[in-house]
Amino acid sequence: MAGYSNKETEEGVGLLSGGDRKNDTLVFVVPHKIGKVRYDILKSASEKNKICTTKTFSSHVTHVVTECSSKAQLFRLMKWTEGSPLYRSARYLKLSWLTDSIKNKSPVEIVNCHLLSDDELESKCQELHAAKEESKLVSKYECQRSTPLHHQNENLTDALSAVEEEAEILDRKEDYSRALAFCKAACSLKCLTKPVSSIQDIKGLPNIGDHSRDIIKEILENGFSREVERIKNDHSLQKKKMFMSIYGVGPSTARKWVDVLQLATIEDVINCPSINPRKEARLAYGIAFHEDLKQQVGRTTAMRIRDIVHNELKTLDGEVTVEVTGGFRRGKQFGHDVDLLISHPVEGRETGLLQKLIHRLNSKGLILHGVMEESTFSEEMLSKSSKLTPKGQLDHFEKWIGIMKFPKNLETTPQDSVRDRKETIKDEFKEEGKKRIKLDHSLTVTDHNHIGSGLQEQINKSFQKSSTSYSPSPASLPSSSDLSELVKLAQSEREWRASRVDLIIAPASQYAYALVGWTGSKMFNRSLRLYAQRELDMKLTSHGLFDMKQRKPIQASSEQEVFEILKLQYRDPEERNC
């Protein structure tokens, strides 16, 4: 491109064709106040649309785009000297010019709304007005907002989450309310469409208490929070956090290990004579297989685990459905466990499925350890008043909670063995000729007849060897030596990896509510329950909805209907990440 050296064109992520001045556009995107994720998206989109950008400012730059409120603020932030010949030729614009150009697939004409104000006071007034207007739009309840997985204020919410986590680890009587306060403050920031650049931007936002406000203010002014830095550098707290990542370890156990037993590593735990997990198998497996279980499970692997389970269930009943819930359903690419919600369109036909499923999985060497929980649900529970506890509100579904074994190369199993559910649903809507089959309780059926050839062959191949099959009893360990045996197994060469899996059985009549509950997030569900109770005098659980005035349960056939009954705008799972 005319006028640019090789070095400069290498810095640009895209080049416009032609050599006239109109097309010789070089854009410098000021990264400050944008956020890394958004910045990368803008650079990528510019590249695709052949809009040339550069990482460094030079005399060749024709357009400077920024989220700063005025030219004066930009020059002060970048430590540029206004009036210097170096900065005279460029146009200083709002980020909206670049986004408009990306939409247009070429640089658009500059109009007044794109121009960066020279008057900082006027710009600040406009900014404050816009912030106040957005604050008014942030509803009181989290369930009334759209909260995406990735947002504009991750630096602030990460800080609040660190303080929340400290309160959860300390777990004193007053710490539940402290943790909740920080979490609610973070939720209010997550739904904002713009990054917070001034403390005035959060004026009027719900649930921003004094403590949270002080942390936000310090980060905005200094770039960090002293309290958050203290937490990060608190070695005792970090050890407790590490121990709490072990399957079966809660705050009290972690505190005992660090404060009383003076333990610092997993090796210390394994060698500590005071720790005897003989009576609790879950803890023994959690300690032994910590290295496996601390690795996050990828979305592709989660979907393939779903297909393995579904394939086994199909041999028992072809109409059974399996849905991946939790963070994966909300759009996350990684998670620490896989939650599978299992149901049947005919009420009652789900009874007995779980035990048969576990037997089949165990016979194929896929079960490492697990505990079966029988359903404790009764109709009276729908109307019985219950308070939210620090641990949340437990449901009463039949479920299996445990650890399964899958080939280490499950992530790279041939693609013909699996179909991503999300893509499947999209494809089903693409062509008019393809029908989306719905059961009477709004379960989506996908064609899994082709599943099992490549994937099942891979499973069989990995577990044919007796040396890799290990299916101990899910009951208590018979002797204290078993921990050492489990550690020996975990450290041996093996073709499988241990992964956390929860299997939940929901009857057809409760499925819609179960899907909402098991999708989460925890704060979204908490907000839903509070909203139903305070605004509608209804009791909401993962089992159903009960009208306290009319003294009767309310049936729902889909998630959409649940929201409709609650008089709420429907939120896709990807919008429930509060």
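Placed from the backbone N, Cα and C atoms, the Cβ positions cover glycine too.
Listed in sequence order, V324, T325, G326, V501, D502, I504, W518 are the same-chain residues at least 6 apart in sequence whose CB falls under 8 Å from the CB of D339 (Mg(2+) binding site). According to TrEMBL, the feature Mg(2+) binding site maps to D337, D339, D502.
Positions annotated as domain 'DNA-directed DNA polymerase X' by TrEMBL: 150-577.
The region 'Disordered' annotation in TrEMBL covers 462-482.
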- CB within-chain contacts under 8 A for D337 (Mg(2+) binding site), separation at least 6: V297, G326, S499, R500, V501, D502
- Note on the structure: In this predicted model, the domain 'DNA-directed DNA polymerase X' (150-577) has a mean pLDDT of 85
- Neighbouring CB atoms within 10 angstroms of the CB of D502 (Mg(2+) binding site), all protein chains considered, total 17
